[in-house]
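A.B. asks: Just dropping this structure here.
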């Protein structure tokens, strides 16, 4: 009996590094930020004034917040279909055993995912610049483009970042979907073929249902990551020009650390949390996944 | 026996604590490890009772680090701040009031950079301003005299027009847009200042972005934009290096950047042009200031370090290694180094008429409105009066809502 208790405690002992760091660096900030989201708190000054829900109410009459909300939704809604669509098509192509150089493609697609987002951003900052590759290519093809960075104009800045993001993200999901495809037993396809199913039928009735859990996983991960877009914006545009690339996480950073409104910033982060939660629940329902 | 041990212990304790150095922490952006050890070693030699722990912050995340340190109560004893941040921190009551030094140190210029609410919250340390670069070859091709660069707004317009006509790939002027700060910083707002205007009154209560002075400056800026390449500052600096820009108002870093990346480009620097009648050659005053956070427990030692750092020869040691910022100490002008660095000397002299941004705690919000106004005027061709009226109203709302 004694040894059993001892054993139990020794498990906790081994888990304690994680438990301690979780309590100090995750649970405590989490609870603290809920608390300060109901206060007016500058971060510099220890004084916290309780203001109830007014930070949350303020957000929905704050013009810049609404722009950030809209941009974030545009970003999420327009990038996810492309990222996942491209990833799905490429994964199906990779799944073909007769494809020569399969490993080369797998590694190549995945490559952008191992590079830090800041490095990718710096690279594309140059590609999009007035002196960069895209303007040069465009001029060579005879388009009359103004010598202006794609990121300097409010009409093109957000689209440019979205394009870059699709490029940088799809490879990561190719690998997940590919792994999902590999898990489908060959016997299912054989059985379907024997029963005379067309390739369309096989794709919709065998492949898709079988990779649904994987698809749910990649779509929800991608949704969360897209809602939280920050480093691209921070490195490339700082939310500008004229807030055209302002997103929720970038705005909450600005509010908290440049304007010293940590209470308001925390409230924005909880609004984002609720939005992401709703989206994830909807996706889970829509894909009727048990995962 | 016990007595003996006791005596020895007491002596040892007294020795260690009696001669123990007072340790102060110094956070800075401008000096790298090498420069800092050169400068701080000399300080410790002169002040054997003080030990300085030096931390270099990066522009990328230094600001966040400062904010979190204040929140956690672990602010350093001496802290370098960008001049535009001073009002913000002073308004939060976390800095020590250093007003008593303002009157006794008239050898230091740029006190207006640390002023907020009638008090002075630090020492101006290193000042970086903007001046006008111009391409000598393009000037000659356009029939302009490179010995005699434009000094007034109408001369700039004339020169920009002539250079712009040289070819489709050549522009008279560079105009920054599409970024948070440079659209107002690199020339629009300085043009307003030079025209004796500002975006708000001195008491920081009334917005004046639609004053006649501001409208006049905006009209000039809009006229100039016809002959300008309008893109991000980095692109403009590259374009200037490649010989595509006639003129560009920007910081002193472009001297060495252009010389090393584009050695074939022939350029010189002059003061920022002023309005045709009245006014002055205003430029944006960027500056690094030294503050002593209220949390510091070693204020006396901290001030000794601050006073040492603003000495002319000490600050010059930094300028010589990082020739983009110049000492706030007016004695530095006598340094023979400037004889070999005539372009840098123009920047040093431009500092005398450089203007810092209004010390308003909500300046961060206000400046982004000014950037937007500038972009709407030069990029979307918006009506000047209507645009300035619109943003003036919005600035006024911020001013009215600010709690002091």
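Backbone N, Cα and C atoms are what each Cβ position is placed from, and that goes for glycine too.
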A.B. asks: According to TrEMBL, transmembrane segment applies to one of these ranges: A:107-127, A:128-148. Which one is it?
C.D. replies: A:107-127
A.B. asks: For the feature transmembrane segment as recorded in TrEMBL, pick the matching range from A:73-95, A:188-210.
C.D. replies: A:73-95
A.B. asks: Between A:12-38, A:107-127, A:158-181, A:262-282, who has the most Cβ pairs under 8 Å to the transmembrane segment (A:73-95)?
C.D. replies: A:158-181
A.B. asks: Between the transmembrane segment (A:107-127) and the transmembrane segment (A:262-282), do 3 or more CB pairs sit under 8 angstroms, pairs being 6 or more residues apart?
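C.D. replies: Contact criterion not met.
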